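Undergrad: As annotated by TrEMBL, domain 'Major facilitator superfamily (MFS) profile' applies to 17-435. Annotation comment: TrEMBL describes 16-35, 86-105, 111-132, 144-168, 174-194, 253-276, 288-309, 321-340, 346-368, 380-403, 409-433 as transmembrane segment.
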Amino acid sequence: MAKVNRAQYTSPPDGGWGWMIVAACFLVTICTRAVTRCISIFFVEFQTYFAQDYAQTAWIHSIVDCMTMLCAPLGSVVSNHLSCQVGIMLGGLLASTGLILGSFATSLKHLYLTLGVLTGLGFALCYSPAIAMVGKYFSRRKALAYGIAMSGSGIGTFILAPVVQLLIEQFSWRGALLILGGLVLNLCVCGALMRPISLKEDHITPEQNHVCRTQKQDLKWASPCSPLTKEWVQTCLCCSLQQEYSFLLMSDFVVLAISVLFMAYGCSPLFVYLVPYALSVGVSHQQAAFLMSILGVIDIIGNITFGWLTDRRCLKNYQYVCYLFAVGLDGLCYLCLPMLQSLPLLVPFSCTFGYFDGAYVTLIPVVTAEIVGTTSLSSALGVVYFLHAVPYLVSPPIAGWLVDTTGSYTAAFLLCGFSMIFSSLLLGFARLVRKMKKTELRILAKDSDPKLQLWTNGSVAYSVARELDQKDGESVATAVSGYNT
């Protein structure tokens, strides 16, 4: 394969070809997340055709979501070691093949393998690399760029939900899956637009470069299969992986990862059960599909407006808090859902939930980048989306089991709501504890040497606060004594 030419920049260009990257990522989210959401419209068709219960049928949507997130690190590896273009084009071929083969399924097990595993794997190779590429091209307007790119999920749902329902009525569920397979093949076009970019901060450190060069010089007289060659390969690989995944040891990232597990558990079942729930309370098939369209179009507004608002100077430093706010409000919406049993009540719910769903989805890459930085963003997003996998796999079947057991959707929706609220509270509590530690360090630094504090005009307290960021896990006394010395 010909070597890919990378544009050289010292910092993200914040425009130019970056807007083409945003457009390509926009189409990727339509072909991955919007198509995944629209699988819920097939729910009743699959359940009726194969004569299965809620829990068995829900596994289809669960496996697609799980594979998309479970294999997200694989997408990052392909993108980092080959190219983003190769990863997305390969993913488009796999996803399209899965949908096309799924149209010939004769049992739910066939759909698990084709529509679930194969399509989900294809989506995984496309999703996280496309999102990470937007982060490489934008810095100052990152939240806005992500808002536009991620709005493809909402716009796609708004357009595809009624279209898929119409396709099912005209061509049956088999014909609808076949046509979706052709649509998803456009991911290959999106992949071709992903022009690689090389930033100054992407290069390895001088120490790592020195180790690899020194060992490489020693290999001049070594055979390809000698122990020295193997040692050099292992050392360089370890250096690369250590740099790429060093964020896993950061306490802030660990807390984010735990909260993502609870958030992902709560957010997935609604897109599986909103249409069946609406049908169970007397809403027609077309009106139920219309609710998904509303959810999608308001999701767009949440993506773009929340991204734009949090890029403003007044909210730029509070993007983390805005993320918590959006996740918590989606949880509250879940708690109200069992009381809404008519179309006029379900429409406002779809608007509210859709808006804040779009809001926090936009801020996931922004919050992740704030914690790990741009260099490790692709790998970190791969891990974050990987953590969605298990909740996405188990939450719809668990919700289906609760519906089958209790004969009502109430328990399933309440469990999802409390899960999202807990996710928000956990991150908020961790942020509060960290802020208290910083305040304590500043006080200790000031009390330990007041003259030095006056002479530096506050620089000691600032340095100690930064030490907490860099050496999280050390005792307060150690950090302060280090600076006093």
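Positions of Cβ are set from backbone N, Cα and C atoms, glycine also.
Distances, neighbours, how buried they are, the whole picture for these features please.
TA: A Cβ distance under 8 Å defines the sequence-distant neighbours of the transmembrane segment (16-35), meaning residues of its chain 6+ beyond its ends; these are 7, 68, 88, 92, 95, 123, 126-127, 130-131, 133-134, 137-138, 145, 148-157, 159-160, 180, 183-184, 186-187, 189-191, 193-195, 296.
Away from its own ends, the transmembrane segment (111-132) comes close to residues 24-25, 28-29, 31-33, 36, 39, 46, 59-60, 62-72, 74-76, 78-79, 84, 87-88, 90-99, 101-102, 105, 146, 149-150, 177, 184, 187, 190-191, 194, 365, 377-378, 381-382, 385 of its chain (Cβ-Cβ under 8 Å, at least six residues beyond either end).
Beyond the ends of the transmembrane segment (144-168), by six or more residues, the same chain brings 18, 22, 25-31, 33-35, 37-38, 41-42, 45, 130-131, 134-135, 137-138, 175-176, 179-180, 285-286, 289-290, 292-308, 311, 354, 358, 361-363, 365-366 to within a C-beta distance below 8 angstroms of the stretch.
Beyond its flanks by at least six residues, the transmembrane segment (174-194) meets 20-21, 23-25, 27-28, 31-32, 35, 38, 42, 83-89, 91-93, 95-100, 102-104, 115, 119, 122, 126, 129-130, 133, 164, 167-168 of its own chain at Cβ-Cβ distances under 8 Å.
With a threshold of 8 Å between CB atoms, the same-chain residues lying at least 6 positions outside the transmembrane segment (253-276) that come near it are 36-37, 40-41, 43-44, 54, 58, 61-62, 65, 69, 247, 288-289, 291-292, 295, 327, 330-331, 334, 350, 353, 357, 360, 367-368, 371-372, 380, 383-384, 387-388, 390-392, 394-396, 399-400, 403, 409, 412-413, 416-420, 422-424, 426-427, 430.
For the transmembrane segment (321-340), the residues of the chain that approach it from at least six positions outside its boundaries are 263, 266-267, 270, 277, 302, 306, 309-310, 315, 346, 349, 352-353, 356-357, 359-360, 363-364, 366-367, 408-410, 413-414, 416-421, 423-425, 427-428, 431, judged by C-beta separation under 8 angstroms.
Long-range contacts of the transmembrane segment (380-403) within the same chain, counting only residues at least 6 positions beyond its ends with a Cβ under 8 Å from a Cβ of the stretch, are 53-59, 61-63, 65-77, 127-128, 131-132, 245, 247-248, 253, 256-257, 260-262, 264-266, 268-269, 272-273, 364-365, 368-369, 371-372, 409, 411-412, 415-416.
Sequence-distant contacts of the transmembrane segment (409-433), counting only residues of its own chain at least 6 positions beyond either end whose CB sits under 8 Å from a CB of the stretch, comprise 252, 255-256, 258-263, 265-267, 269-270, 273, 277, 280, 320-321, 323-325, 327-328, 330-335, 337-338, 395, 398-400, 402-403.
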Undergrad: Who are the long-range neighbours of the transmembrane segment (346-368) in its own chain, taking Cβ under 8 Å and residues 6 or more past its ends?
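TA: Answer is 131-132, 134-135, 142-143, 146-147, 150-151, 153-154, 256, 263, 267, 270, 274, 278, 281, 283, 291-292, 294-303, 306-307, 310, 319-320, 322-323, 326-327, 329-330, 333-334, 336-337, 340, 377, 380-381, 384.
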Undergrad: Using a Cβ cut-off under 8 Å, which residues of the same chain at least 6 positions beyond either end of the transmembrane segment (86-105) come close to it?
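TA: Result: 1, 28, 31-32, 75, 78-79, 111, 114-126, 129-130, 174-175, 177-178, 180-182, 184-188, 190-192, 194.
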